[in-house]
Amino acid sequence: MTQLIWNGLFVGSFYALVALGYSMVYGIIKLLNFAHGDIYMLGAFIGFAMLTSVGVIPASLSITALLIVLLLVMISTGAIGVAIERVAYRPLRNSPRLAVLITAVGASFTLEYGVAAMAGPNPRVFPVRLEGQTFDVLGARISAPQIVLMVVAIILMLGLNSYVQRTSMGRAMRAIALDPKGSLLMGINVNKVITWTFFIGSALAGAAGVMAGAYYGKIDFLMGFIIGLKAFTAAVIGGIGNIKGAMLGGLLLGLLEAFGSQWLGGQWRDVFTFAVLILFLTLKPTGLLGERVTERV
Amino acid sequence: MKLRIPRALGMAAVAATVLATTACGGILGGGGEKTADSGPIKVAAVIPLSGSSAPTGAFMKNGMQMAVDEINAKGGVLGRQLQLDAEDEACDPTQAAAAANKAVSNGAVISVGGYCSGATLPTLPIFQKANIPMIIPAANSQDLVNQKLPNVFLINGTGAQQSAAAVKFMVKDGVKSVALVDDNTSYSKDIATETKKDLEADGNVKVALATSVTAGESDYSSVVHDIMGANPDMLYWTGYYQEGGLIINQLKAAGYTGKIMVADGSVDASLIKIAGGSNAEGVLATMTQTPDTIKGAESWIADYTKKFGSAPGPYSTQSYDAVRLAAEAITKAGSTDGTKVIAALEAIDGFELFSGPLKFTPEHTLSSGGFQILVVQDGKFVLKDALS
């Protein structure tokens, strides 16, 4: 039981990190960024390239090396996210929503098969593997790498939350989410804020990618697809557009999966997850923490 | 008048269709006749050259190319050269069907491909329709046999034979309870179901858990949790190496101390790398002969390594054998005509393959399975028990 809860929370923290980017982008420009899951994959591959170019890293330095790479990957995937927004989304910002959705799918395929063409279609084994002893906590086995990754994920999420709540950029983001035209009239540089949103969201997804690579050890060019859908589900459960909702949704989805597959069997895990998505979209489309938007006259 | 136009159109359409089909038949038939008399004999190989199984596809292609080159150097077949036409199926049923169609329109007279059973299945009716015999070197799901197509021959043990070998080893090894985990693909599910059936019939080993996972994910903590809960003496994983490596890694991290056995789809160096560290050490596998485990294959391995610059891998030998067998059948038939070649294949008795002398069963499978047990030792798969 405690093992199930821990498994769920651990997987859920990955979903939450990726879901944050989905939710932020949707909250601000009402776009479902389908390329977001592939940024996660890109993060894993950039981390892989950086670590292999360094050569053999002694085991004692692996955590330090990984944290440095994590930071560098966050900057690179952030920049790539910004570039995607500039090339694929900004020219279409005033087009119908469907057009942007379709470019998002196009951007997703471009990233997937671009990586497949450059790095090859075979799965790669991550050069640095997080390993460590395991502890017994209330009957659940918890390993040191899991704790490290959870802590990194929580720090990133808390950092983002205080950034959005406390800084002027965060205030501008919230303002645009509420009323883009009004914010423009109040003198907010909307383009700059959207650029930042993409940067932060993509950086978090990239971080999740590196963490997944280091923990699971295997990366491949399609790894972003499923997690992208799961993160979207997490964002919907929590209330899409809501940052706290994305975190809550991620953790909840992890738990739901852990208990769902325990109850129905592993092969039903995805069926169960996406059935929950459908249920939420039909019964409570605003999610757990989302508020019903009232039209003001 | 109003009625006549559609009727005229309809007749025109019928005429066009008839013309088109006969023209097509003419082109295809004519093409076939032409290639049947002169030019190289085209040997099709629908194998995974990209995707998750691409490493094995490369080993297969090299093995085939080696046989083709050797046969051509000796003057070819019926005085004509062999030409290998390798088409990529990426282990994907849709792409496999397209690849098979391409091979047929390229003028193939025999097929020597087939690795992923799920992808090989839809190619069977395509080759059957074109009356092209298939010698399948690697794919071994019972589903392939169950189609009962006259043109399909398997020179690898089937899922049923693999399960039988697994059960034989479990009983021999004193395993009391076993967890069966598959990845829901045709190949994997087939072995898991057959093994379960055999174990229940045998009665010595209890099936503690039988479950499936979704391929392509990273986190298998739920199945790991189930396995830990069932606490079996042995886990038998019947899927491919990517998920297999992850499951071994996560099982060891969860403190599993029982035995682990994997099926032939997981026998790949990547399994050991993905499992990480010493986690794969001692993992058992049911596998058909690989070059490393065949006695007397040393010179063959040396030739292969010299030719391609790297050592052969899984299914190199079977692929090599498939081409040799194809050449033998065409020579015996004295023609590239599908029906005659199929008859020649059925009549083959005692043709020496790596796995031993060949004679097909009425189902067109090997009369002896040739499965053996490997074990990971010092980061490599080595022979543990030949099960003979």
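Cβ from N, Cα, C; glycine included.
What TrEMBL says about this one:
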type	residues	note
TRANSMEM	A:6-27	transmembrane segment
TRANSMEM	A:39-57	transmembrane segment
TRANSMEM	A:63-84	transmembrane segment
TRANSMEM	A:96-120	transmembrane segment
TRANSMEM	A:140-164	transmembrane segment
TRANSMEM	A:193-215	transmembrane segment
TRANSMEM	A:221-240	transmembrane segment
TRANSMEM	A:247-265	transmembrane segment
TRANSMEM	A:271-290	transmembrane segment
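Within its own chain, the transmembrane segment (A:96-120) is flanked in space by residues 30-35, 37-39, 41-42, 45, 48, 84, 88-89, 221-222, 224-225, 228, which lie at least six positions past its ends and keep a Cβ under 8 Å from the stretch. Listed stretches A:6-27, A:140-164, A:193-215, A:221-240, A:271-290 were compared with the transmembrane segment (A:247-265); the greatest number of C-beta pairs under 8 angstroms is found for A:6-27. Between the transmembrane segment (A:63-84) and the transmembrane segment (A:193-215), the number of CB pairs under 8 angstroms, six or more residues apart, is three or more, so the stretches are in contact. Counting Cβ pairs under 8 Å that are 6 or more residues apart, the transmembrane segment (A:6-27) and the transmembrane segment (A:193-215) reach 3 or more and are in contact. Against the transmembrane segment (A:221-240), stretch A:271-290 has more CB pairs under 8 A than any other of A:39-57, A:140-164, A:193-215, A:271-290. Note on the transmembrane segment (A:140-164): residues 2-3, 5-6, 9-10, 13-14, 16-17, 20, 63, 70, 130-134, 170, 173-174, 200, 204, 207-208, 211, 214-215, 243-244, 247 of its chain, located 6 or more positions outside it, place their CB under 8 angstroms from a CB of the stretch.
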